[in-house]
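I have placed the structure first, in the form of structure tokens, so that the comments after it can refer back to it.
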Amino acid sequence: MLRRYLRYWREAFDFHSGAYRLDFWWVQIVNTFIFASILFVSINFFNSWPLATKLSGTFSILITIPNLSLFIRRLRDTGFPVQTIMFVLMSPSLLGVSFGILVSIRLVILAPIAFLIYFGWIIYLVSRRSAYWTPTLSKKQKSFYAAVISVVMILTVCFQVTALKHVTHEFRAAAQKYIQEQHQVNENRGTSVSSSYSVKNGSMSSSAQETDDNLSDASSGSSIPEKEVTELPDDSETTAYKGLTEDTIGDAEFGFFKVHGIWEQDAASLQWLQSQQNIMILTSTQGQGFGVDVASFSFKKITGQSYLSLDHVDNVQVSRIDGTYQDTTSDSIKAMTYLEWHMPDGHIRVVYLIAPSRALLNLIVKTLSESFRVG
């Protein structure tokens, strides 16, 4: 049996001789056993899927030409002329054309059947008896070959099953670890929602620290005082805002909520701008939270924090931080609010709002809490 396999390599470039059925199928069995051994050793002893891939790929390249020559010799041994052999060699391209036709006429379901028919046809061709003289095997030789082939095939199956079990075990362990990590992250995020927010040292810009002592106190680690939002009477800005047409802004990732007026989103900064009253809204789904990330907008003065809920999202507590913002272009002081909450899936939502008056800002926040929806 070893001599038959070694002959396979010696005749790697022989495309003119013949090959018996036993030679052909024995080589296929041994090559399959080698592939299974590579997978078994690489996965179970070295725990390296990349190593198995590299070794299998290298071996596949090495046996390409010997397999082609063996296939041609087997066809020649069955008595096929050169023209028929060339047709068989070109048949994969014809199979591809057939698949394309089946797809074009929407009969993709027939593609597996066509492949099975083609594969069975190839097996039939290489399994035909030799058209020439074939040495007769004795019963003892047949028994020996049958025993060796059975042993090799059993070992091949055992190696493949063992490697597959190892891969399945590793995959389950990795998946379980990932799920546990995600669960821990979600728990940490959920805990952070109910905790008080502190403005860390250095989280605000240096210019804001120089202009306001209260912000310096907050940045040094003192907690932001809790202060309930008081209802303010409508001013001229709020009355004008209510008279504008209703619109909806947002995106599929963040969510959607209702506003008034004509809003446009800046392509560079992704800020939503309402030029009629010079209102700005910035939404985000990234970050670690207020006081951890560098804020997109720095408060000139923080007046307090409070909490609110969303009408259409259950079990969510929104943290609200109010203060003032100094416009860098006009130096005018505007009302500013920062909103932050975590969705039930653990993902963060962040909103910066800047408006000309506190009453108008309160109305926008109230509308957001009543109309915010996901999807």
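Each residue, glycine too, has its Cβ placed from N, Cα and C.
As annotated in TrEMBL, transmembrane segment covers the listed stretch 52-72 rather than the other ranges in 52-72, 241-261, 325-345. Remote same-chain partners of the transmembrane segment (143-163), defined as residues 6 or more beyond its termini with a Cβ less than 8 Å from a stretch Cβ, comprise 1, 22, 26, 29-30, 32-33, 36-37, 39-40, 43-44, 137.
The highest tally of CB pairs under 8 A with the transmembrane segment (109-127), across 24-46, 52-72, 84-103, is held by 84-103.
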